[in-house]
Amino acid sequence: VRFPEDLEDENTTFNPEFSHQVFGDNEVAFGYKGLKISLYYIAGNLSTLFRIKKSKVNEKFDCVEADDVESKIREIIPPGFCTNTDDFVSLLEKEVNFKPFGMLLHTYSVHNEEAGEDITYQIYKADMTCPGFREYHERLQTFLMWFIETASFIDVDDERWNYFLVFEKYNKDGATLFATVGYMTVYNYYVYPDKTRPRVSQMLILPPFQGEGHGAQLLETVHRYYMSSPTVLDITAEDPSENYVKLRDFVHVKLCQDLLCFSPGKLMQGFSQEMVMEAQQKLKINKQHTRRVYEILRLRATDMGDAEQSRSYRLDIKRRLIGPYKKKQRELAKMRRCLRPEELTNQLNQIDLNMQHEQLEESFQQLVSDYRRVLERLAQA
């Protein structure tokens, strides 16, 4: 909400992707008809209005009570929220005083077709010592429950957390205001003897801003922030989603493509220790992720219409993909020697090999498809 009229504007409304953490696995609020739960957030400081419209069903359900919906929502949103629209609008008038928390790291622009102009965004690094940030973060993290499937609130008293925030700058009545776009939390793990390994824990771009490139800007800014620190070993992520992996691939390839070790000539010679060292030392990218960068950039350097180049690329990728299959095959072979007759062992081994080849080819084709999408996005960047 930026203006009072936004309260009744369906175009500024968005729905949760998940509600199982509040309403159970079936995502059902039992015992109501016409139930409508509305949460409104002021665009900048995220002051909250909670409204609920409900009508309980009168029939008896074998002494089963209707769900206490209000209590479930109150468990998520921090105290101090409004339940009265007038109170909320009066807070909206004070929004001009809100300023982003922490240290400005990066400013960028995105062209908005609808507005016909470039809109400015800024990324800040904050921590709990910033006045007012703790309360703001309590409101901000409520979005996680609705948009990240396995989200949980973090221990903000642990000083090893870093917070990176994205804001939009906009004008209202001649004044410059800021709207919350999204954020990332990063935990700094200790690595013996004198390093740290920042691990991305949560990352969320709010739905009205998704698909505009803010996630890539945020992740690249975080990498650039840690690059300058000699004590940082590399950057990882906790239980990354499929979408995050695609985003990370894009950012890593964008950062690595200009390194000398990823020149087309060196790519065609195969994956090297030089790539691992340079990507880790200069960009804080670990070996596993560097290998994916190599595979994506080698695909770009490979003429897949050339039979020899295509075959060389396919074999190079499959040699990596086959590792887990070979390990599984060795384990199964040991078990069968103990548990199965010899003639049956050979037959089962052959079945497994056929299945292995099919799965390997399927994995390869899926990987190439994903890599092509990264390269398409890179070409448009």
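Just so you know, glycine gets a Cβ as well, placed from its N, Cα and C.
These come from TrEMBL:
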- 3-149: domain 'Histone acetyl transferase HAT1 N-terminal' (DOMAIN)
- Trp161: site 'Interaction with histone H4 N-terminus' (SITE)
- Glu238: active site, proton donor/acceptor (ACT_SITE)
- 248-299: domain 'Histone acetyltransferase type B catalytic subunit C-terminal' (DOMAIN)
**OP:** Go ahead and report the DSSP secondary structure tallies for the domain 'Histone acetyltransferase type B catalytic subunit C-terminal' (248-299): helix first, then strand, then coil.
**Re:** 40 helix, 0 strand, 12 coil
Subject >> Largest tally of Cβ atoms lying within 10 Å of a Cβ, found at which of the recorded positions Trp161, Glu238 >> reply: Trp161
Original post:
How does the domain 'Histone acetyl transferase HAT1 N-terminal' (3-149) divide up by DSSP, counting helix, then strand, then coil residues?
Top reply: 44 helix, 40 strand, 63 coil
Subject >> Rounded inter-Cα distance in Å - Trp161 (site 'Interaction with histone H4 N-terminus'), Glu238 (active site, proton donor/acceptor) >> reply: 14
Subject >> For the domain 'Histone acetyltransferase type B catalytic subunit C-terminal' (248-299), mean pLDDT (0 to 100) >> reply: 97
